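Novice: Dropping a structure here in structure tokens format, bear with me for questions.
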Amino acid sequence: MLYAPPPPLPPHPPKGVFVTGTDTGIGKTLISAALTRAWHGTYWKPFQTGLAEEPGDTETVQQLTELPQDHILPPAYALQAPLAPAAASALEGITLHPKQLTLPEAPHAPLIIEGAGGLMVPLTKTMLMIDFIAQLGLPVILVTRSNLGTLNHTLLSLEALYQRGIPVLGFITNGVESPQNTQILEDVSHCRPLLHVSPLTTTPTATTLRHIAAQLPPWEHYWRPRTA
Ligand SMILES: Nc1ncnc2c1ncn2[C@@H]1O[C@H](COP(=O)(O)OP(=O)(O)OP(=O)(O)O)[C@@H](O)[C@H]1O
Ligand SMILES: C[C@H](N)[C@H](N)CCCCCC(=O)O
Ligand SMILES: [Mg+2]
């Protein structure tokens, strides 16, 4: 069984959620865009790397959500190398100061904050992404694969979050749906599945994004007093 129980969610709506994943390329941006669209919130990607190879996630979310500009905040750090922030910043001679970052003012609540890669990605030699999540104090949404291999990755990530007392709003599976994997994850972790995203037959568009967003309840739904 997991080493620690799930930390309780805040009794009242928090300022937002932190979207993390079990890996890079797992679907955090696609799902962050869907959450931002569904909740008409404000998106922020504090640590962007890999700009030398592909458009940043901020640009992608802007395009997919088609929301006005003030729903999208600029990254705190924008790096070129497709590496972890600690590695890209060293390569580019930039010093990151993650401890100085606080929750930005969001023109539209809630804040949807996207990490970079997974939980144990180094921001500096002494600070991991999971430490930054704890510093911001928001509950987490964990994006994970739906297929074989996900049980280990997902439970490892949830255990790390639980051990640090970081509350988890739920997990979102991405890929070919596996109700069996979803059920065993919920049974073992007591973390709730929020959404499943199946493989899209085309590159994501604003239209497909709207369809994903339409499957999500409104933000307030997650914070209604639970009936016993
Ligand atoms: N369900 C899906 N169907 C089709 N393509 C998908 C799906 N989910 C994600 N993708 C695509 O896979 C690629 C990686 O997804 P995404 O950029 O969301 O990953 P990420 O977790 O945000 O990565 P990073 O750690 O770099 O931020 C993107 O091109 C995205 O459009
Ligand atoms: C470049 C990539 N798209 C992300 N922005 C950064 C992913 C860092 C992953 C580090 C690792 O886990 O090895
Ligand atoms: Mg991303």
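Just so you know, glycine gets a Cβ as well, placed from its N, Cα and C.
Heads up, TrEMBL stuff is auto-annotated, nobody curated it.
The following feature annotations were taken from TrEMBL:
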BINDING   Gly25, Ile26, Gly27, Lys28, Thr29, Leu30, Asp57, Glu114, Gly115, Ala116, Gly117, Pro199, Leu200, Thr201  ATP binding site
BINDING   Thr29, Asp57, Glu114  Mg(2+) binding site
ACT_SITE  Lys45  active site
BINDING   Thr49  substrate binding site
Novice: Identify which of the recorded positions Gly25, Lys45, Leu200 has its Cβ surrounded by the largest number of other Cβ atoms within 10 Å, counting every protein chain shown.
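Specialist: Checking each of Gly25, Lys45, Leu200, the winner is Lys45.
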Novice: Using the structure shown, find which entry in Asp57, Glu114 (the binding-site residues) has the sparsest Cβ neighbourhood within 10 Å.
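Specialist: Counting other Cβ atoms within 10 Å of each of the binding-site residues Asp57, Glu114, the minimum falls on Asp57.
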Novice: Based on a Cβ-to-ligand 2 distance below 6 Å, what subset of the recorded positions Lys45, Thr49, Leu200 would you report?
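Specialist: With ligand 2 as the reference and 6 Å as the Cβ limit, the list reads Thr49.
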Novice: Helix, strand or coil: which one is Thr29 (ATP binding site) in, per DSSP?
Specialist: helix
Novice: Out of Gly27, Gly115, which of the binding-site residues is least crowded by other Cβ atoms within 10 Å?
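Specialist: Relative to the other binding-site residues in Gly27, Gly115, Gly27 has the fewest Cβ atoms within 10 Å.
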Novice: Of the recorded positions Gly25, Gly27, Thr29, Lys45, Gly117, Leu200, which ones put their CB under 6 Å from ligand 1?
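Specialist: Those recorded positions that pass the cut-off, since their Cβ is under 6 Å from ligand 1, are Gly25, Gly27, Thr29, Gly117, Leu200.
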Novice: Under DSSP, is Asp57 (ATP binding site) helix, strand or coil?
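Specialist: SS state of Asp57 (ATP binding site) = helix.
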Novice: So of all those recorded positions, Lys45, Thr49, Glu114, which one's Cα sits nearest to Thr29 (ATP binding site)?
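Specialist: Going through Lys45, Thr49, Glu114 one by one, the closest to Thr29 (ATP binding site) is Glu114.
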Novice: Could you list, ordered by sequence, which of these recorded positions: Gly25, Thr29, Lys45, Asp57, Gly117, Leu200, have a Cβ under 6 Å from ligand 3?
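Specialist: Checked recorded positions vs ligand 3; flagged Thr29, Asp57.
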Novice: Quick one: which residues besides Thr29, Asp57, Glu114 have a Cβ within 8 Å of the Mg(2+) site's Cβ centroid, in sequence order?
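Specialist: Other same-chain residues near the Mg(2+) site: Val19, Lys28, Ser32, Ala33, Tyr43, Lys45, Thr58, Thr60, Val61.
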Novice: What whole-number Å value do you get for the CA-CA distance of Gly117 (ATP binding site) and Lys45 (active site)?
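Specialist: Checking the Cα atoms of Gly117 (ATP binding site) and Lys45 (active site) gives a distance of 12 Å.
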Novice: To the nearest whole angstrom, state the Cα distance for the pair Glu114 (Mg(2+) binding site) and Leu200 (ATP binding site).
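Specialist: The separation of the Cα atoms works out to 21 Å.
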Novice: Of Thr29, Thr49, the binding-site residues given in the record, which has the fewest other CB atoms within 10 A of its CB?
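Specialist: Looking at the binding-site residues Thr29, Thr49, the Cβ with the fewest others within 10 Å is that of Thr29.
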Novice: Hey, of Gly25, Gly27, Gly115, which of those binding-site residues are within 10 Å of Lys45 (active site), Cα to Cα?
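Specialist: Within 10 Å of Lys45 (active site): Gly115.
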